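Read the structure below first, then the notes.
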């Protein structure tokens, strides 16, 4: 079994996790903006998300011989460790609910703000819990100022969303074109030279409209699967905060699964190694993700189209992207947990700076914040700057777990 035993290796895993976890939301956002139903996308995503955990367990979890107190993956499957398994599966359940909620929140408040608020909540609540569960191996005088920076970033994220929504409302009100939501002609939504959302070509356009214009917003609304015009944007923030609470709980649950701080295992039973815990964690993620989205096929929410399992099987448009997102998320979570086991889960929560990556993709690929007001740009810059500081501080607090 391969174990990360040094601080440098743990930080390298956190940085890789940061990139993966910041990229997969952009891939799912792209598919929603293309018009693919979120239910179809999440079913594909769930399959490869589980497959990533299986691959990690069969490789890293089986490399070399077992070590004292740290059995290999297959050896541990037969052990009497049900309490730790349940903690791992509980973490998978809340993460799956959080990921599912953010898939709808992205449409309402945008990729950047969704990730900012939910990730900041995860750090403020989850990191504090992990600090005490990890027997305070992280330096409190460094860790908690970093947590404070995440909290400030979350507040700024809410203000950025409000400012950008006001900008978009002004753009639509001032539009002098003939674009109307209810009368927009079908051929107007066909994309000749689209972006990554629609195919090869410029990332500046949906149809012929430039990103950031009222026409762009209307064409995007016509094309996407989740319609948001005329909807209460407060609903989007409610969904985001629900996701944030879920994200706050998954890492502490995984921490309890691997370190048994509450002494739920019988004497002599080894703690779950990170690979076995991640396997059970991902199984519960898979079950919840598949179960809920099969239900949503026939009982859609938020005004989505009704679908069926047969329609899902025949929907190959964008399936490869959804499966890529599942792999990215699976390996991102796995690397986060591997780094957390070595350097402390509180420090590993630095990967919740994933909005830095998501915002990059949101601006470059989806035209978020194009042609916004100066006030919105200043708030956005302040929010991202606070995230950079928060990440640096949390990583600086990394400790070393005693064997």
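Glycine too: its Cβ is placed from the backbone N, Cα and C atoms.
Positions annotated as transmembrane segment by TrEMBL: 12-31 (among others).
Within its own chain, the transmembrane segment (43-62) is flanked in space by residues 1-2, 24, 28, 72-74, 273, 275-276, 278-279, 281-283, 285-286, 289-290, 293-294, 312, 319, 322-327, 329-331, 334, 338, which lie at least six positions past its ends and keep a Cβ under 8 Å from the stretch. The transmembrane segment annotation in TrEMBL covers 43-62 (among others).
The feature transmembrane segment is assigned by TrEMBL to 82-101 (among others).
Here TrEMBL flags 108-130 (among others) as transmembrane segment.
With a cut-off of 8 Å between Cβ atoms, the residues of this chain six or more beyond the transmembrane segment (142-161) that come close are 109-110, 112-113, 116-117, 119-121, 123-124, 127-128, 131, 233, 237, 346-347, 350, 352, 355, 376, 379-380, 382-383, 386-387, 389-394, 396-397. Residues annotated as transmembrane segment in TrEMBL: 142-161 (among others).
What TrEMBL records for 234-257 (among others) is transmembrane segment. Sequence-distant neighbours of the transmembrane segment (234-257) (same chain, 6+ residues past either end, Cβ-Cβ under 8 Å): 84-85, 87-88, 90-92, 94-95, 97-99, 101-102, 104-105, 107-109, 113-114, 117-122, 124-126, 129-130, 133-134, 158, 161, 228, 272, 277-278, 280-281, 336-337, 340, 345, 348-349, 352.
Per TrEMBL, transmembrane segment is recorded for 277-298 (among others).
Taken from TrEMBL, the feature transmembrane segment applies to 321-339 (among others). Under 8 Å from some Cβ of the transmembrane segment (321-339) lie the Cβ atoms of residues 4, 9-14, 16-21, 23-25, 27-28, 30-31, 36, 40-42, 44-53, 56, 60, 95, 99, 251, 254, 258, 274, 277-278, 281-282, 348, 351, all in the same chain and six or more residues away from its ends.
For 345-366 (among others), the entry in TrEMBL reads transmembrane segment.
Under the heading transmembrane segment, TrEMBL lists 378-398 (among others).
Sequence-distant neighbours of the transmembrane segment (82-101) (same chain, 6+ residues past either end, Cβ-Cβ under 8 Å): 42, 118, 239-240, 242-247, 249-254, 256-258, 260, 264-265, 271-272, 277-278, 280-286, 288-289, 292-293, 329, 333.
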